[in-house]
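Colleague: Take this structure, written in structure tokens, and hold onto it; I'll ask about it next.
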């Protein structure tokens, strides 16, 4: 018989095959003589094929034992056929489960798909050669093509292949019935692993993985050391009780429930349903009057408020009234530093120091002495995260104090009153058709981003300290 | 030999200790905590758009922050940028290597990235009328399985060489390398506050990393096979993972353990991709059996199916405003459902 070598394709191995283990467990159950699927003998020409089962029996057994409904049972059964655990006797090229009287048989475990190795090309070549020897011209067109291809690549091994094929062909100790059965099984195996063209193959899994999952990791000193260090850290870490974290999860979901377009229809209408862009227009970042839903969302958390550009703008208005705009300005400047280009970093850092941190700076922020000391020291050699400590401090300050005052302020109450609640659309069939025809592309985000950058530059120039001399000079000039 | 035995004993003792600590903190399960919440309605979504244009298996897709544009990568060697609402192709980026496994859209909309069996992450600039390559990030020794932009200057990648890396786009070099996995890293997800990320790998572990100091902060065990998909919960306190063992699991970061498993006796194919609705209530999980199942994240029940693809669902994505879900498949089509 063929020597089956343990595959080694440069240590690559197959993904997505771990479901095979689960399927095998079910298949073994199905073959149980007392509780499994009932089989009968089927006469085929002059031979009798034992243990034949019908499609509908399979579906019925699956429905009962796996406890699912008919459609799912059929899909499950088709998977068993597609993977090669059960093979059809009639119409053997189509690997689906037909829930009627179509006949199937269980594949012998020798031919089961296994997670560890692929069906080798050498074996396929031997199989095709064997069939060729038995009767010339019995190969299908696609098989003939494959055979020719293999003959070309494996030319150096061809003698070996032909010899193996001849040996297998001459190995006749099986009775005629057994031989017919074996031929069916072998054919089914190769239909699964070398599918005919234009069919889906369940064994098609995409690209190989790098590391062999089946290899046991060597239990070296390093392995144990790693486990020990990790477990020690994990034990020392404080953990929150499940009730707290689950409660927080449930709370988040409930809070956002009305804002989730999948759970609650959005106003005025979902653009994907009606092809009407009003929803997107009403929620654009630069819109004058926000919607009630947006305004409500700002109150959920400080993070939500800052994330929505319209919300942030409103918050700025509030801060201006309170004369405490420097906190948000500092926070925004720190964000710019974090995500900006490396070239601009030292310039930005200097700017930030002059504007926010230097003693007597025009927009001096109020942070504790220690953080101030660390930040100023770090600014001598500015890097992306140099303002992290200060930024977190300011963020917490705004979140714990300013945010709540904002929610209670007249500015917020006013915007809540002004916010619009658009009426739900009620399009007729004809109008929907019209909308579909009028679908227009959106403004490219690149253009939006460029506009934003320009506006930011203008704002920065406007917010800079005013040069009194120049101003007076220009006034005098006019005289 | 004696030392090895000692270490083995110590490791076992610590493992028991942590099991006990976790059990003690696990004072309630999801079912009771979520008992107060009404069950999610049966979700029946229809295909609103089918985007046809790719000629081979689609491996990845990613939405842009403007909720309309998206990029998809296929093994025909192209990145296509779609305006999903009109169905038009805005741009086509030809790739040097057709074995692409991931694509990403920058939050600003200016850049897209792709990577795959060429071990490199290539970043393209969309601002110019003719799309040019900005940088080729080449230092991984294994295939690139996932890439995500932090901004226009930083990219995070996960690779088959078991490492993840943070790159500086201006210099093209790796700023930080995250080493701890022992299997191919298959996926990564950024936290909403962008200070940390989680990665899932073929060693069945999900790890939480701090971007700043490059250390693995937490590891999550529980899966029995490769983790193919991972996503942060919108609140940032929990993560969902999808694996080849046909289950999805939710882990809480603060409780440091698994909270719930989404599994079904009938499901016998691996999870390839995950996406969450914007409130976190619904999980859209793409499977190898050509369907995408919708799970109720609180109750742990299946509430819907998206079937319509003729081959594996390889990628799913929900845009930032949560208006729809897009599934991409090996049948070369992208479908948008709502």
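Cβ atoms are placed via backbone N, Cα and C, with glycine included.
Relevant sequence annotations retrieved from TrEMBL are reproduced here:
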type   : residues  : note
REPEAT : B:51-92   : repeat 'WD'
REPEAT : B:137-177 : repeat 'WD'
REPEAT : B:178-219 : repeat 'WD'
REPEAT : B:220-261 : repeat 'WD'
REPEAT : B:306-338 : repeat 'WD'
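Any idea what these are sitting next to in the structure?
Modeller: Long-range contacts of the repeat 'WD' (B:51-92) within its own chain (CB-CB distance under 8 A, at least 6 residues past either end) are made by residues 98-105, 107-109, 112, 114, 116, 124, 126, 131, 311, 314-315, 317-321, 323-324, 326, 328-336.
Note on the repeat 'WD' (B:137-177): mean pLDDT across this stretch is 93.
Secondary structure by DSSP for the repeat 'WD' (B:220-261): 0 helix, 23 strand, 19 coil.
With helix defined as DSSP H, G or I and strand as E or B, the repeat 'WD' (B:306-338) counts 0 helix, 17 strand, 16 coil.
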Colleague: What parts of the chain pack near the repeat 'WD' (B:220-261), using Cβ distances under 8 Å and only residues at least 6 beyond its ends?
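Modeller: Residues packing against the repeat 'WD' (B:220-261) from afar: 22, 25-26, 29-30, 183-184, 186-193, 198-202, 204-208, 267-276, 278-280, 283, 285-287, 295, 297, 300.
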Colleague: Which residue counts does DSSP give the repeat 'WD' (B:137-177) for helix, strand and coil?
Modeller: 0 helix, 25 strand, 16 coil
Colleague: May I ask for the residues of the chain that lie six or more residues beyond the repeat 'WD' (B:306-338) and have a Cβ under 8 Å from a Cβ within it?
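Modeller: For the repeat 'WD' (B:306-338), the nonlocal Cβ contacts are 45-52, 54-63, 65, 67-68, 70, 72, 74, 76, 82, 84, 272-279, 284-288, 290-294.
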Colleague: Sort the residues of the repeat 'WD' (B:178-219) into helix, strand and coil with DSSP and give the three counts.
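Modeller: DSSP composition of the repeat 'WD' (B:178-219): 0 helix, 23 strand, 19 coil.
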